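So that you can see what the record holds, here are the features copied from Swiss-Prot:
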type: ACT_SITE; residues: ASP92; note: active site
type: ACT_SITE; residues: ASP274; note: active site
type: DISULFID; residues: CYS105-CYS110; note: disulfide bond
type: DISULFID; residues: CYS265-CYS269; note: disulfide bond
type: DISULFID; residues: CYS308-CYS341; note: disulfide bond
type: DOMAIN; residues: 74-378; note: domain 'Peptidase A1'
type: CARBOHYD; residues: ASN158; note: N-linked glycosylation site
type: CARBOHYD; residues: ASN349; note: N-linked glycosylation site
type: SIGNAL; residues: 1-16; note: signal peptide
Amino acid sequence: MRCLVVLLAALALSQASGITRIPLHKGKTLRKALKERGLLEDFLQRQQYAVSSKYSSLGKVAREPLTSYLDSQYFGKIYIGTPPQEFTVVFDTGSSDLWVPSIYCKSNVCKNHHRFDPRKSSTFRNLGKPLSIHYGTGSMEGFLGYDTVTVSNIVDPNQTVGLSTEQPGEVFTYSEFDGILGLAYPSLASEYSVPVFDNMMDRHLVARDLFSVYMDRNGQGSMLTLGAIDPSYYTGSLHWVPVTLQQYWQFTVDSVTINGVAVACVGGCQAILDTGTSVLFGPSSDILKIQMAIGATENRYGEFDVNCGNLRSMPTVVFEINGRDYPLSPSAYTSKDQGFCTSGFQGDNNSELWILGDVFIREYYSVFDRANNRVGLAKAI
């Protein structure tokens, strides 16, 4: 009932002020879909899972592992073309390109999703430039074009759109999303591609040069708000954290503590706030210390399980950011499925970078402020 009241109030505010809202649907993660089909173990072995590769590329060719979106679970609708063609996308603050499958992609991966047909759009213009996003075992190949992109009540008549003609592997066959809409800085975008939010800012289509994200714990009422901060989604005050590198939404974490003792990120570390990842990644050595402290044990998928009966006695994990504490309770950093509880912390052997995904964002309403290059955090309702 509370979610319904909040949603109705938000919609009323949107209509009154011209604020743009995109409802986010919480769906099944690709990890869970693969596990249900008995495909996860083989997939992880073949992909040589390294989430850090999502965060190590600049230049003309984007490079992202297929596993980047293995844990994405919040999706929204956009429309491309005239008349509009509908797509479900991950609104991803960890990348900058917009791409969807096209009718020229004939693989089962594409056939299982909505595919854009440029021939049916009177406003489509082929840019004549290739798009290549490299994954662990192949490439998403395609091309760039211009077309009208509609996001809620915002209509951008001249947005660059990537259209895939080839997608690697069968893994995306089971995803609930069609494509990706990146919300990171333009320095991460492929050559000739302009990020959607940058276009909106340049054309003054948003009231303010910022956007905010609320992720409901139960998946109902989750919202991406463009051009505004909505106090109805958080309690207390927003606290601001400066962006340290204008590529991702990257900032400094002072330390990670348990029971007042620093167990990870000792002396400070860099972290990224990423809506395209549901879990919380960190260097394997640091994450292992956290797993040991919370009593988690590794399973055959490389995940860490905890005893569901121990949640009440497990410790709170606290992130200190810009001098303030952001605690994560056991109920926040674990997920329960079919009687098993899994830790929301995962390690990466190839990076010192921390990635604060939905595990963190569900607890803290997040504002991404491009005008001032900062992130705002407040306790979510």
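For all residues, glycine too, the Cβ spot is worked out from N, Cα and C.
The model shown is predicted, which means the values in this text are computed figures rather than measured ones.
Everything Swiss-Prot records as a feature, shown here on the structure.
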residue	record	Cβ neighbours (10 Å)
ASP92	active site	25
CYS105	disulfide bond	21
CYS110	disulfide bond	22
ASN158	N-linked glycosylation site	13
CYS265	disulfide bond	22
CYS269	disulfide bond	18
ASP274	active site	31
CYS308	disulfide bond	12
CYS341	disulfide bond	20
ASN349	N-linked glycosylation site	10
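Here the candidates are the recorded positions CYS110, ASN158, CYS341, ASN349. The one whose C-alpha lies nearest to that of CYS269 (disulfide bond) is ASN349. A Cα-Cα distance of 20 Å separates CYS110 (disulfide bond) from ASP92 (active site). On a Cα basis, ASN349 (N-linked glycosylation site) lies 19 Å away from ASP274 (active site).
For CYS341 (disulfide bond) paired with ASP92 (active site), the C-alpha to C-alpha distance reads 26 Å. A strand conformation is recorded for ASP92 (active site) in the three-state DSSP classification. Put simply, ASN158 (N-linked glycosylation site) is 21 Å from ASP92 (active site) when counted between their Cα atoms. In the three-state DSSP assignment, the secondary structure recorded for CYS265 (disulfide bond) is coil.
Confidence in the domain 'Peptidase A1' (74-378), given as mean pLDDT, stands at 93. The secondary structure of ASP274 (active site), as reduced to three states from DSSP, is coil rather than helix or strand. Among the recorded positions listed (CYS105, ASN158, CYS265, CYS308), CYS265 has its Cα nearest to the Cα of ASN349 (N-linked glycosylation site).
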